[in-house]
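Summarising the annotation, TrEMBL assigns repeat 'WD' to 120-142, 143-178, 187-228, 229-270, 284-318. Here TrEMBL flags 363-399 as domain 'SOCS box'.
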Amino acid sequence: EEPVLLAELKPGRPQRYDWKSSCETWSVAFSPDGAWFAWSQGHCVVKLIPWPLGEAELGCKTSERKSRGGKAETRNRGAAKEKTLECGQIVWGLAFSAWPAAEDGDTDPACAVGLPCLVLATGLNDGQIKVWEVQTGHLLFSLLGHQDVVRDLSFAPNGSPILVSASRDKTLRVWDLSRDGRQVQVLSGHMQWVYCCSISPDCSMLCSAAGEKSALLWSMRSYTLIRRLEGHQSSVVSCDFSPDSALLVTASYDACVIMWDPYTGEQLRTLRHVPLHSTLDSSSEIHTSSLRSVCFSPEGLYLATVADDRLLRIWALELRAPVAFAPMTNGLCCMYFPHGGFIATGTRDGHVQFWTAPRVLSSLKHLCRKALRTFLTTYQVLALPIPRKLKEFLTYRTF
């Protein structure tokens, strides 16, 4: 089942700047509950759009749209309206997080007492990070510290107010929003611009990718380097953890995705981006299939990748070849909808596209593996008094 283009949103204003990146969509994001979509559409602007899209925007049948929507998408929507955040600088990175519920007597103006709210962090061209309250569009914090473009952002998935930022100043920085956005750590180790950062769902690890052939794995408890992941032949530009934290994928300009066991540092599988039409390969440029972005599906059985060969690919976890392709022009980033069924992609033209994605009913075997791996490391699984084949399955070594 090939991905179907459901909708394409385009910037509503002309390009105001001469430099190329001013009109590009380098980042897209869904809120954890699936109720909002954020789009860095270029021109120093972020669009906050309630999800699902309205009839005028979503070019698919009403019945199909309803069948793909979930309760979480429509719950408490009320009169939510699209918002425009004027950031004043080119926006490179986006990340949502649910703000912890305010306690009785808490004077935090951002949220009503007892009601959690949603925040969006934006990484900007001048090194600033601006954090916004989604419901009102109010600016909560301006975080200062980076000396160059903030390329990517990642919130701790457990709902804690810890934010990690990746920058062209070759550092990662850790911020605590519960302490007025205080910078709590600077992570140094990269020799090139840092493109991407991803915190594992169990909040124990952080992976960062820079313009280097290796990715770095950090401890989120001690903020120290765990190991370098070496195996790519060119710059690593994107990374993502599986929903159970048992797998890590890295994508590189070498046209390969490597699947790792983050606990042991082992390479489990390499996915190679072969040109769709091999007859054209001999005359094509060497970087035609350079990867831009990789992400896991919410249930952990699929991957999506965007490459410079103008294709969106979807991969099944246990197969070495893509299971679906979709033609797209100048793709830069991709993101799964948190409840599955959709993929959003951003392009160099400042557009965002929404695609159908395979919906799958996870097997009981996979659900059990996922449940166990959310709290057991690879070493803990290997120490269990269980058959070898079961250990191989639980550690994703049955590919």
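The backbone N, Cα and C atoms fix where each Cβ goes, and this holds for glycine too.
Nobody curates TrEMBL annotations by hand; they come from automatic prediction.
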Segment-segment contact (the repeat 'WD' (229-270); the repeat 'WD' (143-178)) at 3 or more Cβ pairs under 8 Å:
no
Could you pull out which residues elsewhere in the chain have a CB under 8 Å from any CB of the repeat 'WD' (187-228), counting only those six or more residues past its ends?
148-149, 151-158, 160, 162, 164-168, 170-174, 234-245, 248, 250, 252, 262, 265, 374-375
Within the repeat 'WD' (187-228), count helix residues (DSSP H, G, I), strand residues (E, B) and coil residues, in that order.
0 helix, 24 strand, 18 coil
For the repeat 'WD' (284-318), sequence-distant contacts whose Cβ falls under 8 Å of one of its Cβ atoms, 6 or more beyond its ends:
3, 234, 237-244, 247, 249-257, 271, 273-276, 324-340, 343, 345, 355, 357-358, 360, 362, 366, 370, 396, 398-399
Any idea what the model's mean pLDDT is for the repeat 'WD' (229-270)?
95
DSSP helix, strand and coil counts for the domain 'SOCS box' (363-399)?
22 helix, 0 strand, 15 coil
